Amino acid sequence: MAFTSQFTLAEILSLLGLAQSVYVLVYMLLRSGSIVNAVIPSLYFTSLALAFLFDAAAGRWAGEIAYYETWQWLFWFSGIPLGALLVLQIAHVAEPPKAKYFGMVLLIPLAFVPAWLTGELHMLYVAGLVIGAFSLLAIWLRRDLLDGLRKNPKFGRERFWLILALVSLNTAFLAATWAYLGEMLSYGDWIVIRNILGIAFVYTATTSLFRIYPQALQLGRKQTAGPALNSEEQAVIEKFRILLARDKIYQDAAYGRAELARELGIGEARLSRLVNVSYGKTIPQILNEYRVRDAQRLLTETDAAIQTVFEESGFNSITTFNRVFKELCGDSPTEFRARHRN
């Protein structure tokens, strides 16, 4: 059914999804703070953007591009194993998913084998359901990561709900595919449903993924005259940076050097030395800089009370908050808010 004289409802939904996917993709590429850590989400949103693009252009390109529906299948169903990898990365951002989980992506080319042998396109969709089942199984096998997020509500809640949204929407996509194969949905209805599900996730991503992958804080590692770090030590510092930038460990007022050392599996004294060599600062100084940055954002972007600001930023008392904030910013929190909101 035509929504306007020029575009169908499915095409309009696809264009909306395409625009939002490109926006998220550009954000991830420019502001994730680490190219390596941006690879999986970038591949996922690239696949999703291409899926929206091919749905939006179907009425104009389908007759010009060979195997058009096959290309549509490729981009939509590639998002399933990539989505599973994204879930595993979001759940434990300090380390990338283990190499064995990347084997899920290899299921995509294997899915073409039954379709090629039988010469029937619908076998691709059957294979897609199998890929979905394996991807959801991989997530279920690492459900311990989700349990860990639930036990860390201070900086794990957003990631937990984003993961739950991604899993739920992927499950709904597979259910809609099953309904289409069972002739309970027409092809046109299935196109509309998958675009709605895609838009729902992209919208969820724009409200929570940006807080999980925030713009890298410009702490600027200080070059010191100390010894250079070896590869193992550099890996520890990289995990430390990820815990700060994405896990936001500093938002827990009780989180200090001892907790950080346990998280990284290294002795406290050695960790302090590595951080000092890399940043030229102590661990408490770095934690407080991140806390002050969050406080500045809350002071300028919200009307939250000062008590709420210091609690949400990770300070354990108003006295400490005022002292550290003044030392780093030159103004008290109240003065800073008044000066930057005028």
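Cβ from N, Cα, C; glycine included.
Automatic prediction, not curation, is the source of TrEMBL annotations.
As annotated by TrEMBL, transmembrane segment applies to 12-30, 42-61, 73-94, 101-117, 123-141, 161-181, 193-213. TrEMBL lists 238-339 with the feature domain 'HTH araC/xylS-type'.
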Residues in the domain 'HTH araC/xylS-type' (238-339) per DSSP class, helix first, strand next, coil last, are 79 helix, 0 strand, 23 coil
Mean pLDDT, the domain 'HTH araC/xylS-type' (238-339)? 87
Below 8 angstroms Cβ to Cβ, which residues of this chain, lying six or more residues outside the transmembrane segment (161-181), approach it? 76, 79-80, 83, 86-87, 90-91, 122, 125-126, 128-129, 132-133, 135-136, 139, 146, 149, 187, 189-190, 193-194, 197-198, 200-201, 204-205, 208-209, 212
Cβ contacts under 8 Å made by the transmembrane segment (73-94) with residues that lie 6+ beyond its boundaries: 37, 40-41, 43-44, 47-48, 50-51, 54, 101-102, 104-105, 107-108, 111, 124-125, 128, 131-132, 134-136, 138-139, 142, 145-146, 148-149, 159, 162-163, 166-167, 170, 173-174, 194, 212, 239, 242-243, 246-247, 263
